[in-house]
Ligand SMILES: [Zn+2]
């Protein structure tokens, strides 16, 4: 019988680890990158193509799905897996980040966040209990606790009180998860560490979450504009405050060099809209840094986006063709650029896992940065 949720670490290299999360819907190889399927779709990609890229798990957004098409409707239609045609694990966020960044007229209280939909102005309340209920209705396999976010530039008092409220909400999220029976099914729940960039706040948050007890632990409140150096500064202590035997998930990260640096610091899971969003605007990730395919120098370039890439796009189509499609606003341009970018991220994760297994992560990471950053800093 497959365990509901287990995490086995196969090898470590410095602070980095590689392992496998096992759930009834499938295994998740870590470090893992989760493509973002905001509105029950990884934009411009069919689920089979997402899977072919090497993705073991995708992410869905509670805030977007509760507003459209609605969690109850998705539930009546068989849950997110059946609705969108993805049968492997799905992680859903709690809606906290989006409600505080996208919704209108938000009003925060100890109960939760009251807001008006950014789509049609209808009024809603998102609380720990409602967030967990929505994630249950969606059929989420990894449910996230509902938390409160404040900018890293907020005063220490504001940061401390948001972190403390998030820990009270984490308890309510855990209780609602247990009461809803999700624990007995093939689902897991992760708590989210908050505390901005402050080591003491982060420790208090980690201790509160460990006291409640979760299947995994997310590091929240980073990648919100503080910059890579400040984020890495926080990641020099935050992962070590969390249980070594549980997965650690850095939410909303990030650029390829962010992910490589975070893996070196002991993070196991990531999600980010960057590869999909960039694909739709003409940016391709390559081992020699990002390129903008709209650039005139690619108009007659018959090479692939990335000669080292194993994706179906690079095997078939030239930079010149993609340049044409993107410049002409063709839908296929967005589809192919997205597919390549998702493959790039998944190949990067596979390379990181192999480097950790073989004990050569530092050499791999230094080489990756040297090749990647040369182009990144030249603005191409
Ligand atoms: Zn490719």
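Note that Cβ sites are derived from N, Cα and C of the backbone, with glycine treated the same way.
Bear in mind that TrEMBL entries carry predicted annotations, made automatically and left uncurated.
Going through 147, 268, 271, 301 against TrEMBL, the one listed in the substrate site together with 93, 94, 95, 96, 97, 194, 221 turns out to be 147.
Residues 309, 311, 314 are given by TrEMBL as Zn(2+) binders; from 118, 124, 340, that same site also lists 340.
Cross-referencing 245-251, 252-258, 259-265 with TrEMBL places the feature region 'RNA binding' at 252-258. From the options 236-240, 276-280, 281-285, 286-290, the stretch TrEMBL describes as region 'RNA binding' is 276-280.
Counting only residues at least six positions away in the same chain, the Cβ atoms of 279, 284, 285, 305, 306, 309, 311, 313, 314 sit under 8 Å from the Cβ of residue 340 (Zn(2+) binding site). Screening the binding-site residues 97, 309, 311 for a C-beta under 6 A from any atom of ligand 1 leaves 309, 311.
Most buried of the binding-site residues 95, 96, 221, judged by other Cβ atoms within 10 Å, is 221. Take 93, 94, 95, 96, 97, 147, 194, 221, the residues named in the record as contacts for substrate: the widest Cα to Cα gap among them comes to 15 Å. Around residue 194 (substrate binding site), a 10 Å sphere centred on its CB holds 31 further CB atoms from the protein chains shown. Counting only same-chain residues 6+ beyond the ends of the region 'RNA binding' (252-258), those with a CB under 8 A from a CB of the stretch are 97, 222-224, 228, 231, 267, 270-272, 274, 285, 344-345, 348, 368-369, 372-373, 376.
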